[in-house]
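What follows is a short report on a single structure.
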Amino acid sequence: MPKVLVLYYSAYGHIETMANAVAEGARAAGATVDIKRVPELVSEEIAKKSHYKLDQAAPIAKIDDLADYDAIIVGTGTRFGRMSSQMAAFLDQAGGLWARGALNGKVGAAFTSSATQHGGNETTLFSIITNLLHFGLTIVGLPYSHAGQMTLEEITGGAPYGATTIAGGDGSRQPSQIELDGARHQGELVAKTAAKLFG
């Protein structure tokens, strides 16, 4: 039974919701799953003024936690076409793990959100995936076996590189059923891939 970490940063709750769906998919495939978040860099005062969602249940991750898992699925909102500074600052601390090869051969994946359809989801996925490849992870995307990402019936996230959601400019749009199904599907695929590699 593979051990999977869903590691995320969520300012407004959209990625937290996606992280829970990713975890559901991995658990459905038989994995043991932990959901953890990275530390907030913004002061509590500014976070409150900006209406950040501060009541998130997931515990704060420590960088050495990464070595304890067979698979690591990373999610963060898009910040100007790349991952958030909170996630980048966390992953930048993994130099010691990288130097020891502690993450080599693990399974990795990425998911994200943006305000608009063309708001940088794919480039953000690439920024996460690039980090994971440098760490030595084998990447699992979101293939078109998740047919929902092909729909033209509604605005929806999803890319072959990872699950995505679109939050809207004011953050009022929550992840749709199609987007949550994509997140679950990706979590399931990661768990199945890790099971093949690690038993």
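Quick reminder: no glycine exception, Cβ is built from N, Cα and C everywhere.
Listed features, source Swiss-Prot:
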DOMAIN    4-190  domain 'Flavodoxin-like'
BINDING   10-15, 78-80, 113-119, His134  FMN binding site
BINDING   Tyr12  NAD(+) binding site
BINDING   Trp98  substrate binding site
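You'll find the Cα of Gly13 (FMN binding site) roughly 30 Å from the Cα of the residue listed as 'substrate binding site'. In this structure, Thr78 (FMN binding site) is part of a beta strand by DSSP. A coil conformation is recorded for Ser10 (FMN binding site) in the three-state DSSP classification, outside any helix or strand.
For Ser113 (FMN binding site), the Cβ neighbour count at a 10 Å cut-off comes to 30, with all displayed protein chains included. Local packing around the Cβ, expressed as the count of other Cβ atoms within 10 angstroms, is greatest for Gly119 among the binding-site residues Gly13, Gly119. In this structure, Ser113 (FMN binding site) is part of a beta strand by DSSP. Predicted-model confidence for the domain 'Flavodoxin-like' (4-190) is 96, expressed as mean pLDDT.
Less than 8 angstroms from the CB of Thr78 (FMN binding site) sit Ser84, Thr112, Ser113, Ser114, Ala115, Gly119, Gly120, Asn121, Thr123, Thr124, each of them six or more residues away in the same chain.
Calculated from their C-alpha atoms, the gap between Trp98 (substrate binding site) and Tyr12 (NAD(+) binding site) amounts to 31 Å.
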